[in-house]
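Below: the structure, in C-alpha cells.
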C-alpha cells in the first residue's frame, strides 16, 4: 500500500482525496439504509403515543397511568437484554444480528394490532423491548467500525435524524392510517390497523439487511481495494490507540465511573425525549380544555410534527459544529440546560402558538444533545469493552423510557394537568447538564489502572 494511504505509519498522512472519496462512498452506502431502519424502529416504539388519543385508550379503558405504564414497560425488556445483545452483535457480526432484531421486533409490533385488553398490551410492549434490545447501541457500535472519530458525530447525527423524521413523517402518517382504518373497517379499529401496517416493514428490512449490510471495511466489495485497505487501516489504528491506552475488560468497562455518569446524562436527555414523544399528542389534544381549540386526530399528528422539523435541522448543524470545533462537553450540556428551562415554561403560556414555540425549543435542544453525546464514551472505550459499555449507557439511559411516560402519566392523573410532569422533565435535563460539566472537570480515565486489569 502507498505511504499516502497508510494513516498509521509515523509521520505520514492519508491522501485527502482518497479519504474524501472513501468516506463519501461509505456514507452514501450505509447511512440511508441505517436511517430507514431506525425510522421504522423509532416509529414502532413510539406510535403508541398517537394510538392512545386515536381510540386505543378509550377502547381498552386505559387511564393516564395505565397508558404511561404501557409506554414504559417496553423498556423493562429493553434493559434486560441490551448488553447481551450488543455483545452478540460484536461476536456474530452486525449483518446477521441486526437482521434478527428487525424481524423479531416487526412481528411483535404487528401483533399489537390484536391486543384484547390492557394486560396483553403490557405483555406485547415488554416483548417489543426484548426484541428491539441492542438495536440502537448496535448501530452506534457499527458506526465505530466505519467512521473515523473525527467524522463520527456527524455520521451519528445523520443516523439519528430518524428520530425527528419519525415525528415529522411518522406521526402524521400514523394519524392518517388510523383515520383511514376507521373508515375502511367496521370491526377493526384504525389504531389496530396502524400497528399492523407499521410493524410489517421491519420484517422486510430484516431480510434486506442480510444481503445489504457489510460487517467490516475489509469485507466491503463495493469499495475499491485501495479504499478498502485505507479505511480498514485507519479504523484499526484508532482502535489500537484506544486499546493500548484504555484496554478495559468487559467487567471493568461496565463499572467505570464515567460510564455510569454518562448513563445518567443520557437518562436525562432520553427522559425529555420520551416524555415529549408519548405525551405531546395528548398535550395538543388537551388544547381543547386549555384554550378552547379542538383538533382532529390528523391535525394533532401534523401539529406534533412541527417541533421535530426544527429539531432535525438543529441536530445536523449542531453536530457539524461539534465535529468542526472538536468540542463535545458544552455541545451536550448547553442544549440540556436550554431544554430543561423551556419545557416547564411551555405549559404556563397563554396560547397554543406560544406553547408550541416553547415545545419546539425543547425539541431542538434534545435533538442537538443526542448525537453530540455519543462521541464522549467512544473516546475511552474499545473492543468488547466498547460493546458492553455503549450498551450499558444506552440501557440505563433508556430506562428513562419507562420512568418518563409512567411518571408523566401518573402526575397528570394526580394533578389533572401536564404541568408537574413537565417540571420533572426540566429538572432531570438540567441535572444531566450539570453532570456533563462535572465530567469535563474530572480526571481522565487512568490508563495505568486499566492496564492492571488486562
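Backbone N, Cα and C define each Cβ position, glycine as well.
TrEMBL lists transmembrane segment for one of the ranges 8-25, 26-43, namely 26-43. Ranking 26-43, 63-81, 296-317 by CB pairs under 8 A with the transmembrane segment (157-179) puts 296-317 at the top. Long-range contacts of the transmembrane segment (63-81) within its own chain (CB-CB distance under 8 A, at least 6 residues past either end) are made by residues 45, 48-49, 52, 57, 118, 121-122, 125-134, 274, 278, 395-396, 398-410, 412-413. The transmembrane segment (191-213) shares more Cβ pairs under 8 Å with 26-43 than with any other stretch in the list 26-43, 296-317, 329-349, 386-408, 420-439. Taking residue pairs at least 6 apart in sequence, the transmembrane segment (296-317) and the transmembrane segment (122-145) share fewer than three C-beta contacts under 8 angstroms. Nonlocal intrachain contacts for the transmembrane segment (386-408), taken as residues 6+ away from its ends with a CB within less than 8 angstroms of a stretch CB, comprise 65, 67-69, 71-76, 78-79, 82-83, 85-87, 89-90, 134, 136-137, 140-141, 144, 242, 248, 250, 253-254, 256, 259-260, 262-275, 278-279, 374, 377-378, 418, 421-422, 424-425, 428. Ranked by Cβ pairs under 8 Å to the transmembrane segment (296-317), the stretches 97-116, 259-284, 329-349, 355-374, 420-439 are led by 355-374. Distant neighbours of the transmembrane segment (420-439): 258, 261-262, 264-269, 271-272, 275-276, 279, 329, 332-334, 336-337, 339-344, 346-347, 365-366, 376, 400, 404, 407-409, 411-412, 414; these residues of the same chain sit at least 6 beyond its ends, with a Cβ under 8 Å from one of its Cβ atoms.
By number of Cβ pairs under 8 Å, the transmembrane segment (329-349) is matched best by 355-374 from the list 97-116, 259-284, 355-374.
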